[in-house]
Amino acid sequence: MPHAPANELGYKPLDGGWGWMVVFGAHISIGFAYSTPKALSIFFKEIQEDLGASYSEIAWISSIMLAAMYAGGPVSSVLVNRFGSRPIVISGGLMCGLSMVTASFGSSIVYLYFCIGIIGGCGLSLNLNASLTIISKYFVAKRPLANGLAMAGSPVFLCVLAPLNQYLLDKFGWRGSLFILGGLMLNCCVAGALMRPVVVPCKPGSSALQNKVEEQSNKCNPKLKGSCMKNATFLDLSFFKDRGFVIYLIGNMMFIFGAYAPIVFLSAYAVVQGVEEYSAAYLLSITGFVDMFVRPGTGLVANTKWIRSRIQYFFSFAMIFNGTCHLLCPLMKSYTFLVVYAVFFGIGFGMVFALIFECLMDLMGNQRFPSAVGLVTIIECFPMLLGPPAAGLLVDIFGDYKYLFFMCGSVIVTGGLFLFIMNIYNYYMLEKENRAMDREQNQNNIENQDQVIVLEQETKQTPEASKE
């Protein structure tokens, strides 16, 4: 099955060495980026009672944070291309810590929207995009495994933060908990310090020659710099001409719309079913614990020769599995069955997020990935923003959580089926187009050979022309 070239960087990455330290740093920064909006749901009931907010209003905190994290993708991509991943991740860690500390002094829900949602979400955006970009520069052959290990930071941190937040809430209240959480998020600065820039190897004596050629080319072509700046646009809309990218984007948007609402409301749903609060918080930990092992395991499976060429279909299966779990959740009434749901939810969620960016790299290639992920994240911020509040609105209207699980599950399953069917169509069209290009190229070669033969015959017939 055709896919983007594995290495378009102009050098061969080591696929190891210091790259594993970079993966560890990305594990930390991505862990905070994805787990924080989920783990904050532990505080929602106390904040709701303290500030007098409704279910849909309180759900906007996580939605705005996730939307800002995704919407800041293009800005983060531009900054990473300009300054590198290390300073961007350190700056994002400072913003995240500041957002939680300032939010602890909030007295209105709008203030929390601004501090946690906008400032914190922008900080997480810097962490996420910079981490994903530098992994694509350090790894090619082992990239699925590296992505799986880095993305495993989300369940690892969720597994720890969910019970930790419940403990902090009981000891210090939601304000003190946010203050302490802000201090913990400063560890993203340490993660950023591990992201050493890639040193591009060069042949001895070639650097001076290359610099001389670049200087001469700039002198001979003064418009070169301007044309390069023109090509480095903020949003590269040419991606919409790529059929595979559009298919991926539509299916991904459907998944994102329904992905986070079940996590945000899982603890509250368990409490309504009569589960004790600590046990309800541990459901998120169970999901995170299972997810912790599923993501690197999925990366190992995706790196095999049988799955690597069919990774888009594997991604579709993961989405369908995840959505089916949500459709079955309303049938789970006891705590035992909710634990079973949390286990399968962790499996499906981990599979999807271990593959979600690897599939984009597979489609776009390493060189185009930073721009592509920026465009994807800014578009995905809209379903990210609307998903949890829409689910909370269903709870406000019907007074029952089962409708939000039905909504999220049906949307995700539909997205998975769409990806599966459209990928079959896309690869069929790619093969058809490649065959047409091969026929055209063969025809051109035949015509060129005929022209050469004719010229040779004319040359033999006219010796004077041959002498000339």
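Heads up, the Cβ atoms here are built off N, Cα and C, so glycines get one too.
These features come from TrEMBL:
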DOMAIN    19-427  domain 'Major facilitator superfamily (MFS) profile'
TRANSMEM  58-80  transmembrane segment
TRANSMEM  87-105  transmembrane segment
TRANSMEM  111-132  transmembrane segment
TRANSMEM  144-164  transmembrane segment
TRANSMEM  176-195  transmembrane segment
TRANSMEM  245-272  transmembrane segment
TRANSMEM  278-294  transmembrane segment
TRANSMEM  314-333  transmembrane segment
TRANSMEM  339-360  transmembrane segment
TRANSMEM  372-391  transmembrane segment
TRANSMEM  403-425  transmembrane segment
Close approaches to the transmembrane segment (111-132) from elsewhere in its chain (Cβ under 8 angstroms; 6 or more beyond its ends): 25-26, 29-30, 32-34, 36, 40, 47, 51, 60-61, 63-73, 75-77, 79-80, 85, 88-89, 91-96, 98-100, 102-103, 147, 150, 178, 188, 191-192, 195, 357, 369-370, 373-374, 377
Among the ranges 58-80, 87-105, 176-195, 314-333, 403-425, the one whose Cβ pairs under 8 Å to the transmembrane segment (372-391) are most numerous: 58-80
The transmembrane segment (58-80) touching the transmembrane segment (278-294) per 3+ Cβ pairs under 8 Å rule: no
Stretch in 58-80, 87-105, 176-195, 314-333, 339-360 most in contact with the transmembrane segment (403-425), if contact is a CB pair under 8 A: 314-333
Among the ranges 58-80, 176-195, 245-272, 314-333, 339-360, the one whose Cβ pairs under 8 Å to the transmembrane segment (87-105) are most numerous: 176-195
Same-chain residues at least 6 beyond the ends of the transmembrane segment (58-80) whose Cβ lies under 8 Å from its Cβ atoms: 33, 36-38, 40-41, 44, 47-48, 88, 109, 112-113, 116-118, 120-122, 124-126, 128-130, 133-134, 234-235, 256, 260-261, 264-265, 370-371, 373-378, 380-382, 384-389, 391-392
